[in-house]
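A.B. asks: Sharing a structure below in structure tokens format, with a few things to ask.
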């Protein structure tokens, strides 16, 4: 069994075979999923490397424990004479440039691939050892790019544009997810009236979360005679939640879109509340002198100040959350259903089957593979009849995610003094989250108002 396992893993690393787990008690995996998880693993490796590079103490530790390191830098000129370019925001820019080029290359390589038996599909699904070497070579080669100042300046604007597009894709998916959720559960009310209770309960919970969240932020992030900017922010966002709720149930919208309702607006309101909270926690601390002449932080909760004192815990928890969120966004936005949602392609309402877990396919899907699961190999080749997701679009999303990670880790446009302890706070981070919040509201309103403005055009929502 061990020899067979080693042969299988060797074929996975150096050939086109799919990857799997060796132990007999481990579940079998579909090739389409293992491929995406392997690319995600490479992506997380590079993020971890970037986080290390943003840690100020790393360079000192490396110089102290590796005697030939400084001499190596002088000879290769890869990190400057004193290796100063191997850490900090410039190093993250270079490493993320290499990772972005890696995914851009595979995006072009897999264009128009619809058959998993093609040569390019074999390259996409296998040869993991050689792809790891290629990724390492691209990230390392970025340190030898001439005219570093021009490169960093141009790449910064490319990163900002790509990050904006990545955020737009995620916001579009959230809006379309809300519409799909309501449409699926509403379809269930035709056969079972209990779906009305489910719709009402979930809607009530989401509005309770949104109202409660805004109320708690008003208590902890404002003061009676200060924090006017926070008060205005909470008032505006609360007003936006009320606006989208009224528009969603207005008669003119209901005539054109009978499936529009409070479930979608409740979900968007919850997301607006989350982004508002995230933005407020990202604002730089505001300090004033009290009556005793001591600096005190205002417009922030006391427990938040105590938490910020434990910088290591906040930093690493935030880093872990960042990795989880980006990984989830990349994987969920590259499925076939998500691609259809971005193009507003859905099944006919009469064909909708209401399910609690409506994100996944209906029961009985892929029955052929399930019947052979006990007899087949450790990998289920689920793309025999065609690809189950767009290879090129998958790599394009990871290309944009690479740019988003680069801008996030370097505090967007306040990159000079950025470290791993500061990339979750700052005015750039605050305004990016605010812009994301407003853009989400506008995208949702667009899906409601567009059919009214263009009555002759068919909108599938």
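Backbone N, Cα and C atoms are what each Cβ position is placed from, and that goes for glycine too.
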A.B. asks: Of the residue ranges 126-146, 336-356, which one carries the transmembrane segment annotation in Swiss-Prot?
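C.D. replies: Transmembrane segment, as annotated by Swiss-Prot, spans 126-146.
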A.B. asks: Given 201-221, 285-305, 369-389, which one carries Swiss-Prot's transmembrane segment label?
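C.D. replies: In Swiss-Prot, residues 201-221 carry the label transmembrane segment.
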A.B. asks: Per Swiss-Prot, is residue 226 on the side of the membrane where residue 452 is?
C.D. replies: no
A.B. asks: With Swiss-Prot open, pick whichever of 184, 417 is annotated N-linked glycosylation site.
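C.D. replies: The candidate carrying the N-linked glycosylation site note in Swiss-Prot is 184.
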A.B. asks: What residues, ordered by sequence, lie under 8 A Cβ-to-Cβ from residue 114 (N-linked glycosylation site) and sit at least six positions away in the same chain?
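C.D. replies: Counting only residues 6 or more apart in sequence, the Cβ neighbours of residue 114 (N-linked glycosylation site) under 8 Å are 386, 387.
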A.B. asks: Just give the helix, strand and coil counts over the topological domain 'Extracellular' (253-260), going by DSSP.
C.D. replies: 4 helix, 0 strand, 4 coil
A.B. asks: To the transmembrane segment (158-178), which of 91-111, 126-146, 232-252, 261-281, 393-413 is linked by the most Cβ pairs under 8 Å?
C.D. replies: 393-413
A.B. asks: Please check if the transmembrane segment (126-146) comes into contact with the transmembrane segment (201-221), where contact means 3 or more CB pairs closer than 8 Å and the residues in each pair are separated by 6 or more positions.
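C.D. replies: As far as Cβ distances go (cut-off 8 Å, pairs 6 or more apart), the transmembrane segment (126-146) and the transmembrane segment (201-221) do not touch.
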A.B. asks: With pairs fewer than 6 apart in sequence excluded, do the transmembrane segment (261-281) and the transmembrane segment (201-221) have three or more C-beta pairs that lie under 8 Å?
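C.D. replies: Contact between the transmembrane segment (201-221) and the transmembrane segment (261-281): present.
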